């Protein structure tokens, strides 16, 4: 089963360190940012330690590496041309790094229309993606399903379909299906996941889903908030998320946990992934999981 989490990539080891961290958590796949998600500072491709990283991945049986684009990219912005242009240029740069890392998909939040309205935002995203996807490259941009917080675009399957339909080289667009986001956007992940998948299939097509983000939610269905919770401790619940993780449709697709670190002490929070992965593999909810995470 391809199950992993977001892991860090830093220091001298970079990708090799990411693979070691993923292995420590008992993962078979993992997701990274190529640098800090909130800024444009990046090490050169030569400094990402890619060769040793791939050796470590082979050694630990890790595959289907996923890259996440930084949050600062907003190609839906129509009010500030410089923000749009930075997004286009930086996304192009990130795609080159994704290719060098050997990942097939880079996950992208479609963007926020910052008050101009969803239709204008969608047109701007299409314009940006058409600029980016002219370069010869076989990395896919995985548009993420969004919660609809603020002016986020991509809160409905229809909005995402509109983007895909407008992009010329849309064979290079895939989808990252986020359980927390779709729940927060109003879809019934908890009680009717197959119904949600059927709707997605009709509007976009299940074959587009290449990454799944597995997160519980701190909010009720339709809250449009986007606050992740540990598996089984939120409003989606363990049974529904366990069903998602073991679903036949996602058998060969990397499933990535982005659940929060646990603990009150901000300087000493503990990663939950090893414990959540063990629990999902056992298919049995553990109500004492957070205590076990804290005791590690």
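Note that Cβ sites are derived from N, Cα and C of the backbone, with glycine treated the same way.
Secondary structure at residue 109 (Zn(2+) 1 binding site), taken from DSSP and collapsed to helix, strand or coil, is coil. Annotation source Swiss-Prot lists Zn(2+) 1 binding site at 68, 109, 144, citing sequence analysis.
Sequence-distant contacts of residue 144 (Zn(2+) 1 binding site), defined by Cβ-Cβ distance under 8 angstroms and a gap of at least six in the same chain, are 107, 108, 109, 110, 154, 175, 176, 178, 181, 213. Feature annotation from Swiss-Prot assigns Zn(2+) 2 binding site to 144, 178, 213, 258.
Residue environment of residue 226 (Zn(2+) 3 binding site) contains 22 other Cβ atoms, counted within 10 Å of its Cβ in all protein chains. Positions annotated as Zn(2+) 3 binding site by Swiss-Prot: 181, 226, 228.
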> About how far apart, in whole Å, are the alpha carbons (Cα) of residue 258 (Zn(2+) 2 binding site) and residue 226 (Zn(2+) 3 binding site)?
Replying inline: 12
> What Cα-Cα separation, expressed in whole Å, is found between residue 226 (Zn(2+) 3 binding site) and residue 68 (Zn(2+) 1 binding site)?
Replying inline: 17
> What count of other C-beta atoms do you get within 10 angstroms of the C-beta of residue 68 (Zn(2+) 1 binding site), across all chains shown?
Replying inline: 26
> Rounded to an integer, what is the Cα-Cα distance in Å between residue 68 (Zn(2+) 1 binding site) and residue 228 (Zn(2+) 3 binding site)?
Replying inline: 17
> Just counting, how many other CB atoms are there within 10 A of the CB of residue 181 (Zn(2+) 3 binding site)?
Replying inline: 28
